[in-house]
Amino acid sequence: MLYDIARPFLFSLDAETAHEFTLAALNLAGRTLPAGKPEAADAVRVMGIDFPNRIGLAAGLDKNGEAIDGLARLGFGFIEIGTITPRPQPGNPRPRLFRLPEVRGIINRMGFNNHGVDTLVANVKAARFKGVLGINIGKNFDTPIENAADDYLACLDKVYPLASYVTVNISSPNTKNLRQLQGESELDDLLGRLKSAQQRLADQHGRYVPLTLKIAPDLEAAQITNIADALRRHRIDAVIATNTTISRDKVQGVRFAEQQGGLSGAPVFEASTAVVAQLATALGGELPIIAAGGVMDTRSARAKLEAGASLVQLYSGLIYRGPCLVRECVRATADFPR
């Protein structure tokens, strides 16, 4: 109800200013109001973690972990922050975030703008939140793609003690050549190095933190099969499907559709859900799938689970529907078979 009142004001601002205003409000709420708790549902065990409900926040809304306690008040079963890089970087020039309200879509070309992993670590340590926290890691824009693994490993070392799980983002379309890491040989090398580091860190900290891989929706069937094989071979703990799409098939003629960047929201739902279904077949239940992409209502949340996902993440849907979407989706997925 409150969001219905606030939305016209937020939509009167340019998209990134509205994003910044929302983060500031969540930050204030987190610092001044009692700690939040997840919307009630039967817990589900995924990656060895007990998630209080199946609905989580996708990475991208809170890149630096500034508003974790405020976000915790919205009822999520888990929160994913980032994408974070080893060094601070400004991202791409503004404007770089565009709403497509006619189709409930968003285009972004943010470019991993963030304050660097050390700032995120400090913010996580300062937060009161004790729930399931994912931390999404990436590479700096000026790190050569052949050295990308070094950036992921640097971030993993620093966030490992604080994360419930760590997501390796190789699928943003807004960092030059990043999606090359989804190639067969590149992915094999990256996952091998990450798995070795995970095992070393587990011994060092006496605690196993799962690794997930976030992939794109713009993949051929053979690529999905290759990725599934690599995930199994390197014993990665889960996969997130999917990131944003570079396709504009669903938004032809819509204002801002020509803007460069990744498209999210309702227009990516079908492609993203198809990847979930293909992954589910290719993986044969050997590791869980976390679905993201176009979850705008309870029907689309359940469709992700029916396609083979174990957990569901929201982001664009929050912008168009507000916090009520979290509660609705938790309730709609609470009775889904475990």
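Backbone N, Cα and C define each Cβ position, glycine as well.
Of the listed candidates (LYS63, LYS195, LYS304), Swiss-Prot assigns LYS63 to the same substrate site as ASN108, ARG109, MET110, GLY111, PHE112, ASN169, ASN174, ASN243, THR244. When Swiss-Prot records ALA59, GLY60, LEU61, ASP62, LYS63, THR83, ASN169, LYS214, THR242, GLY265, GLY294, TYR315, SER316 as binding FMN, the matching candidate from ASN123, ASN136 it lists for that site is ASN136. Every protein chain shown contributes to the tally, and the Cβ of SER172 (active site, nucleophile) ends up with 25 other Cβ atoms within 10 Å. The two recorded residues, GLY111 (substrate binding site) and TYR315 (FMN binding site), show a Cα separation of 17 Å. With the fewest other C-beta atoms within 10 Å around its C-beta, GLY111 stands out among the binding-site residues GLY111, GLY265. Under the three-state DSSP scheme, ASN169 (substrate binding site) falls in the strand class. Cβ neighbour count for ASN136 (FMN binding site): 27 (other Cβ atoms within 10 Å of its Cβ, all protein chains included). In sequence order, the binding-site residues near ASN169 (substrate binding site) (Cα within 10 Å of its Cα) are ASN136, LYS214, drawn from LEU61, ASN136, LYS214, GLY265.
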